[in-house]
Amino acid sequence: MKSVQWRAVRRILAGAVALGVSAGLVAACASANADAAHNGSAAAAPQAPAAIVPRLELQPAAGTADVHPLGAARASASAGTLRDVALTDSDGETLPGSYSGDQAQWTATAPLAYHETYTWSGSMVAPDGAVTPLAGSFTTVAPARLVKASSNIGEGATVGIAAPVAIRFNRDLSDEAKAEVERGLRITTSTPVEGAWAWLPDDWGGSRVHWRPKEYWPVGTQVSVVVPLYGKDLGTAGYGSADLTTHFTIGRSQIVKADENSHRIVVIRDGQQVMDLPASYGLESDPRRVTRSGIHIVMAKSEKVLMSNPDYGYVNMPEYWAVRISNNGEFIHANPASQSAQGRRNISHGCINLSIANAKAYFDTAMYGDPVEVTGSSVPLSAQDGDIYDWAVPWDEWRTMSKLST
């Protein structure tokens, strides 16, 4: 009986010892794992990367209204590539554009039009091959008024050394709008030339800005004029209609020295005297007939002009070989009726009279922008004498006539 009981006790003790060893091993493993985690030496279980969700962005977005014509127009894919992107107007014309190197972005390379509806088309292809179509339309601003610009010097013209650049706008611009326009104006010359913009009064209900050099233009200068107007919001005047650019060249130097006291005109070309002609200027005893002193410029010329001055008894009188030097009615022209006074007395109504032969000889050489320097009279050229009096304004005063002057 004792033997059976002892065997049972031994089995119980042996199990208890075995259990204690097993528990110790578990505790040791747990401690080792805890230390490894604490020391960062155990590798973490790998996690799957987050899936990249392709996203398509249109700018302007579909449904947008009153889009500015100079605003960006582009399609962008955050993942994947773009294909066959087009931005089509209401006439079926597509706007030119280009892709980025990875074909993830398309950008329009031309400005939008006013008062237009544009429709997106094309597709975005995701890395997994899924296709998302580009769709939807937007509309651009529809201006109530448009501001147009024109230049007094045409493309490719050759002009004289005193020619001002005159840009005229068909609307009356506020001072703020003038400043906005002037900030964008650009004059580029092939040789450095100091000059400035000035806003002059406009008698036709619009606005105008002139650029003139401080001194006469250097001979042969190549000039480029850029007026960035399209898309500019000019307040109550409206939006800019279109950009304006023109290019011209300064020709030979020809200066007319017109001394009223000498009763002659002297023509100097490229530093050499080429003509010395007897003339008759305006009658000094009548202020309305005085030829104005100051630097005029050749503005236009015509073989025949009908001249009128009802206060002095003539209407539509034909005069020949007429070179206009001011918009106050002053010309250098032929007048056989005053030929006996030419070189002796000043008797005209303000023009510079020459004989027919001399008038034609000078006429043939005259070019827009040639300076005509009148001296010796009692009345100066001024703003009262028409729209081109740029050289009658002192340089320091001219510079203050910019809307950007401080």
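Backbone N, Cα and C define each Cβ position, glycine as well.
Feature annotations, reproduced from TrEMBL:
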type	residues	note
SIGNAL	1-36	signal peptide
DOMAIN	254-375	domain 'L,D-TPase catalytic'
ACT_SITE	His333	active site, proton donor/acceptor
ACT_SITE	Cys351	active site, nucleophile
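In the domain 'L,D-TPase catalytic' (254-375), the DSSP tally of helix, strand and coil residues is 17 helix, 60 strand, 45 coil. Counting every protein chain shown, the Cβ of Cys351 (active site, nucleophile) has 26 other Cβ atoms within 10 Å.
The average per-residue pLDDT of the prediction over the domain 'L,D-TPase catalytic' (254-375) is 97, rounded to a whole number.
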